[in-house]
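Working notes, structure below.
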Amino acid sequence: MVEKTDIRVVRCGGSKINFRPPIISHDSRFVLCVSGDSVKVYSTRTEEWLHNLQGHNNQVTGIAFNPANQLQVYSCSADGTVKLWDFIDGILIKTFVIGYPLYSLYVSEKHEGVIFLIVSMVTDSNNESFQLVAVHLPKSAEQEVEAKELSTVASKISPNPSCTAFGRGGEFIAFSRHLQLNVYFFRKQKTYSFSLKATDKKAGKNAFTCVACHPTDDCIASGHEDGKIRLWRNFNHKKEYTYSTKHWHHDAVNHLCFTPEGSNLLSGGIESVLVQWQYGDMSKKEFLPRLGGSISHVSASADGQLFCTAHSDNKISIIESSFKVSGLIQGLVRGDAVSTDLMIDPRSKALVLNGKPGHLQFYSLLRDKHLYNLDIVQQEYIYEAGLDQFEVVKAVFDVKGSWLATVEERGHKTSDLEFFLKLWAFDETTQSFVLNTTVTEAHSERITSMCFSSSEETTMLVTTALDGQFKAWCQTADAQQAQNYWSCDFVGSYHNLKPKNCCFSADGSILAVSFQEVLTLWSPETWELLTTLCQPPGEIRDLCFGRLSCSKYLLSTTTKNLLCCWNLLTCALEWSTSVDVSRLQSDPLSENVAAFSFESKHTHLFVFKPSEPRPLFSQRYVCLERVDRAVFVPREEPFNSCDESCQWLNRSQLYFLTHNMDLLTFSSATEEDRMLSSSKRLVIDESVAVTPFYLLLGRHRKQQHKLNTETQEPADKPQHTQGSVTIKQLLHTPAHVLPAASVLCSMFVRSLLISNTGVREEMDSSEQEMDSEKEEEESEEEMEACDGQQELRAQGSVDEQKPKLSKAQERELKSLRKTDFSWMTSLIDSKP
């Protein structure tokens, strides 16, 4: 058995982006949000994910812009560190080690070099207590610095970041907990407390849920469980304080936010309606309804042009100041629980699972982006606590991705159970699934499982239910409507036992159906019962056929913590082992099978082939939660790994979902390094960011450079020093600081032109030499006519005695011979 080597469990996306309030950059071009152990940066114009700020080892719990630099952002995490980032380029600037788990982060313009954190302190009675502390950030050239200078500002505060807010730029801080509002003044170093009764005259719930401070006035807005909003004034006096009450929300107010100039107050709650209250006249308000899930956070940009709302369905809405939604950033929708399995759409290769109520969501794992929702229930969802509504509980694709089967139900009690079986056909025109058939009474009791045939030649759906029957559904032609619909083709049962699981073999020739402790094998062509396999004690929990060379094996797990492997050729038990398997998942492209085991409050992973009981790979303590959902995702390009422990990841990648709704995957260090070098690398050549444009043009320039090297001598190659610098500046300067394209065009073209100054000078010199030689030849011809013999003798004597001269010396001599010395005659004539 190969033990754990360099394979690690990593978050592959889908983390909560609504965990903390999103923040908008000062120029309203970027929105930053917490996402698991990283911070995601999105564009407000395109809603596209730009990059991640990765470096924390635990959940990020707060983010805030650096008041001294608008292009920097602080982030705090439960790992006990605060990091300072350049969020434009995604570069980590500095890490401050605090040493305590951090739950929220606040900054103030009037407190330079100081940040405020909510930390957890354990008291003598082992009760967790939260404190607000001020941390003085030391100035150091080192990248990692310890910041141990903490001073307590307030004790026994709420860990909810919405219950703490700074007022008047940092003159005071307001924080609420239960029924008490506290205001701490930094200059006076004094705290004033104000309390409310548990219930008022109308039996309302007065507990505080959030607070917000006006940016310029002495006013504090508080939200409460009963949906009321209170505006507190004169809170610098214990007895003379006043408050006014406004009420619109029918349930708890989740978040409050003043606009930067303080002219409006924004509020949000479970109603999915953003309410804008006019500060001067609270009776005037505007509404932006139907935003999706309940609003959990509200934030505004520094210029007041954009608002952001974070929703319970893991979505961020970008809203203009005119109260118009301009963009949506949708993460992996995280409901209370996932009823369907994790599936891969054969066409789009997207991850498919439960989305918002009554929908299936299609999510791109490669881009970490929500693609679209498919409305299964096709009914308006009412956001009201305790209301029983339809939910999608089962879904499955056929082999080609042409058909989708879903089961929706409502009613927690058997007598009130109502469910529908729906079959959806893929429409090539709309590139989506269209409802084809609805079966209102597919079974008399709840459907427990369903699966499509794995054969591409026939399309067949099998369902099992607690009514003791399994049914096979096939397509039937409708002559009147000129289309196919689905109908029941066969009904099977076994000794009045209740079936729970079903699956087809790799070639679709055998159907396996489990009836409590008995395995039954059926022929889909004749519906003949081929054989039964007597399972060891315990009801069958899961079934899985082997693939490729292991297709003759059938795996099953039981409630008695047994994993069994059956040989279908001999109809005998090949091997079995005692292990509590919570999820059994086969790889469609190999013989490998992954088994998640839950023991001692931890989940462990075993990867094996059914033909070999000894695991190929094992990793203990994968996560703390139980894993019930997993899927193998085929890779677009096979990953060639020579390491024996990583070979099971070559063709497919294993994803799994925890009870905490964290989507995780297994990745090798080699694969992460390869991805980092290709797409996440931040510096190269003089610490310049790598962009796709640079990689494309840079490759072309390297090829051209190689070609020039092969065809020309090094001394003959022109130097493009200035042009190269210009091109580098154009390619590597951040887009937000570049001038307009019209200005860059002429500069870029000029930089590509070869400088001809040296060539022109050389050409001029050559022309002068040619003219000089021509004139010299003419002069020599004239001299030959008058004294040819003397010239011949002089020339002969020179040829015999002169040393070899360089070309430069010869040119100089020729120029001297050309010089006009006629001016000397005047001197000779004037001599007495």
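Backbone N, Cα and C atoms are what each Cβ position is placed from, and that goes for glycine too.
Looking only at the repeat 'WD 1' (4-43), the predicted model's pLDDT averages out at 87. Sequence annotations record features per position, and here Swiss-Prot assigns repeat 'WD 1' to 4-43.
Per Swiss-Prot, repeat 'WD 3' is recorded for 90-134. Residue counts for the repeat 'WD 3' (90-134) under DSSP, split into helix (H, G, I), strand (E, B) and coil, are 0 helix, 29 strand, 16 coil.
If you look up Swiss-Prot, you'll see 148-187 marked as repeat 'WD 4'. Taking H, G and I as helix, E and B as strand and the rest as coil, DSSP gives the repeat 'WD 4' (148-187) the counts 3 helix, 22 strand, 15 coil.
Per Swiss-Prot, repeat 'WD 5' is recorded for 196-233. Beyond its flanks by at least six residues, the repeat 'WD 5' (196-233) meets 160, 162-169, 172, 174-181, 183, 241-258, 260-262, 265, 267, 269, 277, 279, 282 of its own chain at Cβ-Cβ distances under 8 Å.
Look at Swiss-Prot and you will find 239-278 tagged as repeat 'WD 6'. Below 8 angstroms of C-beta separation, residues 21, 162, 192, 194, 205, 209-217, 221-233, 284-304, 307, 309, 311, 319, 323, 383, 385 of the same chain, each at least six residues beyond the ends of the repeat 'WD 6' (239-278), sit close to that stretch.
Sorting the repeat 'WD 7' (281-320) by DSSP state (H, G, I as helix; E, B as strand; all else coil) yields 0 helix, 22 strand, 18 coil. If you look up Swiss-Prot, you'll see 281-320 marked as repeat 'WD 7'.
Only residues 6 or more beyond the boundaries of the repeat 'WD 8' (326-364), in the same chain, are considered here, and those with a CB under 8 A from a CB of the stretch are 13-18, 31, 33, 35, 42, 44-47, 292-293, 306, 313-320, 370-379, 381, 389-397, 399-401, 406, 408, 426, 629-631, 633-634, 636, 655-657, 661, 663. Marked as repeat 'WD 8' by Swiss-Prot: 326-364.
Residues annotated as repeat 'WD 9' in Swiss-Prot: 378-425.
Away from its own ends, the repeat 'WD 10' (432-474) comes close to residues 372, 374, 378, 393-394, 396-400, 402-405, 407, 409, 414, 417, 419-426, 483-493, 496-509, 511, 513, 524, 527 of its chain (Cβ-Cβ under 8 Å, at least six residues beyond either end). The repeat 'WD 10' annotation in Swiss-Prot covers 432-474.
Residue counts for the repeat 'WD 11' (485-523) under DSSP, helix first, then strand, then coil, are 0 helix, 24 strand, 15 coil. For 485-523, the entry in Swiss-Prot reads repeat 'WD 11'.
Taken from Swiss-Prot, the feature repeat 'WD 12' covers 527-567.
Taken from Swiss-Prot, the feature repeat 'WD 13' covers 572-609. With a cut-off of 8 Å between Cβ atoms, the residues of this chain six or more beyond the repeat 'WD 13' (572-609) that come close are 533, 536, 541-550, 553, 555, 557, 561-566, 615-632, 634, 648, 651-652, 654, 656, 658, 666.
Annotation source Swiss-Prot lists region 'Disordered' at 704-723 (among others).
Summarising the annotation, Swiss-Prot assigns region 'Disordered' to 759-811 (among others).
Summarising the annotation, Swiss-Prot assigns compositional bias 'Acidic residues' to 764-785.
Annotation source Swiss-Prot lists compositional bias 'Basic and acidic residues' at 799-811.
For the repeat 'WD 11' (485-523), the residues of the chain that approach it from at least six positions outside its boundaries are 423, 436-437, 439, 448-455, 457-458, 460-476, 478, 529-535, 537-548, 551, 554, 556, 558, 566, 568, judged by C-beta separation under 8 angstroms. Note on the repeat 'WD 12' (527-567): residues 472, 490, 492, 494, 500-507, 510, 512, 514, 516-521, 573-581, 583-591, 593, 595, 609-611, 613 of its chain, located 6 or more positions outside it, place their CB under 8 angstroms from a CB of the stretch.
In the repeat 'WD 5' (196-233), helix, strand and coil residues by DSSP number 0 helix, 19 strand, 19 coil.
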